[in-house]
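Structure, as structure tokens:
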Amino acid sequence: MARRAVVPAGPLGDDFSFVSPVAKYVLFFFNLLFWVISMVMVAVGVYARLLKHAEAAMACLAVDPAILLVVVGVLTFLITFCGCVGSLRENICLLQVFSVCLTVIFLLQLAAGVLGFVFSDKARGKVSEIINGAIVHYRDDLDLQNLIDFGQKEFSCCGGVSYKDWSQNMYFNCTATNPSHERCSVPFSCCRRDPGQAVINTMCGHGMQARGYLEASAFIHTNGCIDKLVNWTHSNLFLLGGITLGLALPQLVGIILAQLLINQIHDQIELQLYNQQHRADPWC
């Protein structure tokens, strides 16, 4: 539907502007905040990447948290840059790029949530695939290792489906031909923690894969992290809904402000054309 042309009810001065300073500067500072955050994300990601050894840097790019942080930071930087400059310079093209990008991201998030709910079994399989891939590369990436250890500690779990999934890792593999001193072991983050224990025993998971479930359960968590993650999700639907709303709300505000500013700029352009035409016509 075409926009309705602005027809001034009477002559308007050159100082009059349809562009609201409130909408303009709220959108500018809104984008400036996330622009600064995006630069911090990129800096942290690049710094974390440079700290790693060269051989580890090429080991597992697909699951590297540092690379993920850099990618998200760069995308956020580019989008918010369009929003900052577009609002400050009243540039319709940049504002449209900003609005379209936010709309696409919002729709992708909405589609991912709906598809994840409808195809929960396939989503579970994808999560299982990601966790198994992370287990394989556990020793290749320090950031990934810390992330897995944090998850296993917080959810009191071990491996994907069970603690024996750690046999997929070349260091923890439980075959007789494995020369590693960690053969048949699991990471210390799988171990049951004694609240009164001041020093963590990092060797507590040694040889646990060679033991049965009942025997191993006295020392480590034998349940996999996938079931624990699914149960946690079902128990915290309101929290997840709040987080989702918290992520979606700034995007919706940005889209609305950008569209409002675009319409105001169009109206201002039409007003300027109207004034120029009437200055050029001595009979008006």
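Note that the numbers count up from 1, one per residue, in the order the chain is shown.
Glycine is treated like the rest: Cβ placed from N, Cα and C.
Where the annotation comes from TrEMBL, it is an automatic prediction and has not been curated.
Bear in mind that the values here come from a model prediction, so they are computed numbers and not experimental data.
As recorded in TrEMBL:
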- 25-48: transmembrane segment (TRANSMEM)
- 60-88: transmembrane segment (TRANSMEM)
- 94-119: transmembrane segment (TRANSMEM)
- C157-C190: disulfide bond (DISULFID)
- C158-C174: disulfide bond (DISULFID)
- 237-262: transmembrane segment (TRANSMEM)
Tertiary contacts of the transmembrane segment (237-262), as residues 6+ beyond its ends and Cβ separation under 8 Å: 19-20, 23-24, 26-27, 30-31, 34, 83, 86-87, 90, 92, 95-96, 98-99, 102-103, 105-106, 109, 113
Pairwise Cα distance for C157 (disulfide bond)/C174 (disulfide bond) [Å, integer]: 19
Rounded Cα-Cα span from C174 (disulfide bond) to C190 (disulfide bond), Å: 17
Number of other Cβ atoms within 10 Å of the Cβ of C190 (disulfide bond) across all protein chains: 25
Candidate with sparsest Cβ neighbourhood (10 Å radius) among C158, C174, the listed disulfide-bonded residues: C174
